[in-house]
Amino acid sequence: MSEGRELLIRAIKNGIVIDHIPSEKVFAIVEILKLKEYSERITVATNMPSSSLGRKGIIKIEEKILEEKELNNISLLAPNVTINIIDNYEVVEKSKLDKLDKVIGLMKCDNPKCISNHENIETKFIRVEEDLNENNLEEKTKYKCFYCEKIILEDEIQIQ
Ligand code: CTP
Ligand code: ZN
């Protein structure tokens, strides 16, 4: 690091830090949290060096409390992020999000014939258990529509 030439991202006083975001998911999270309309200080960083991910993104949002629906939406898009709650500059809570087993009313079914696209009912998906492929790598997470059984891969998720 060249001394004095590098501005580090500043610590925040109160709020939340979403850390270890895959870089390509950062702007999707900015969008689902509607941060464009948010008036407190927000820091968004992508392609930051990370020992575990190679590169990562970070979003810091001052004075923000995440609601359950927002947490669920984040976990749909980027299940392995870390949520840090900051209170008076201290990390007072750190949690990893879990993948959702059931996803109700958050994502769209992309089958145009699906009843959930025609009737006024909440969408409902069940996570399909991952199989390990022959290289022992986890396959992509899949969700199955409860109504029409259409499978949605994690990269194809459309938030409602
Ligand atoms: N952070 C912040 N403002 C603070 C405290 C922490 O923005 N007042 C940020 C840090 O920059 C980091 C994240 O919150 O991105 C988590 O902080 P900390 O737990 O101190 O960092 P690490 O130990 O590196 O976290 P982890 O083990 O989860 O990688
Ligand atoms: Zn469906």
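Please read every residue number as a count from 1 along the shown chain.
Glycine residues also receive a Cβ, built from the backbone N, Cα and C atoms like all the rest.
Just so it is clear, the model here is predicted, and its values are computed rather than measured.
Taken from TrEMBL, the feature Zn(2+) binding site covers Cys109, Cys114, Cys145, Cys148. What TrEMBL records for 8-97 is domain 'Aspartate carbamoyltransferase regulatory subunit N-terminal'. Look at TrEMBL and you will find 102-157 tagged as domain 'Aspartate carbamoyltransferase regulatory subunit C-terminal'.
The Zn(2+) site, placed at the center of the C-beta atoms of Cys109, Cys114, Cys145, Cys148, has further neighbours from the same chain whose C-beta lies within 8 angstroms: Asp110, Asn111, Lys113, Ile115, Ser116, Asn117, Thr123, Phe146, Tyr147, Glu149, Lys150.
Model confidence over the domain 'Aspartate carbamoyltransferase regulatory subunit C-terminal' (102-157) is summarised by a mean pLDDT of 89. Note: the domain 'Aspartate carbamoyltransferase regulatory subunit N-terminal' (8-97) comprises 23 helix, 38 strand, 29 coil (DSSP; helix = H, G, I, strand = E, B). Around Cys145 (Zn(2+) binding site), the C-beta neighbours below 8 angstroms that are at least 6 residues distant in the chain are Cys109, Asn111, Cys114, Ser116, Thr123, Lys124, Phe125, Ile151, Ile152. Mapped onto DSSP classes, the domain 'Aspartate carbamoyltransferase regulatory subunit C-terminal' (102-157) shows 6 helix, 18 strand, 32 coil. Listed binding-site residues: Cys109, Cys114, Cys145, Cys148. Those with a CB atom under 6 Å from ligand 1: none.
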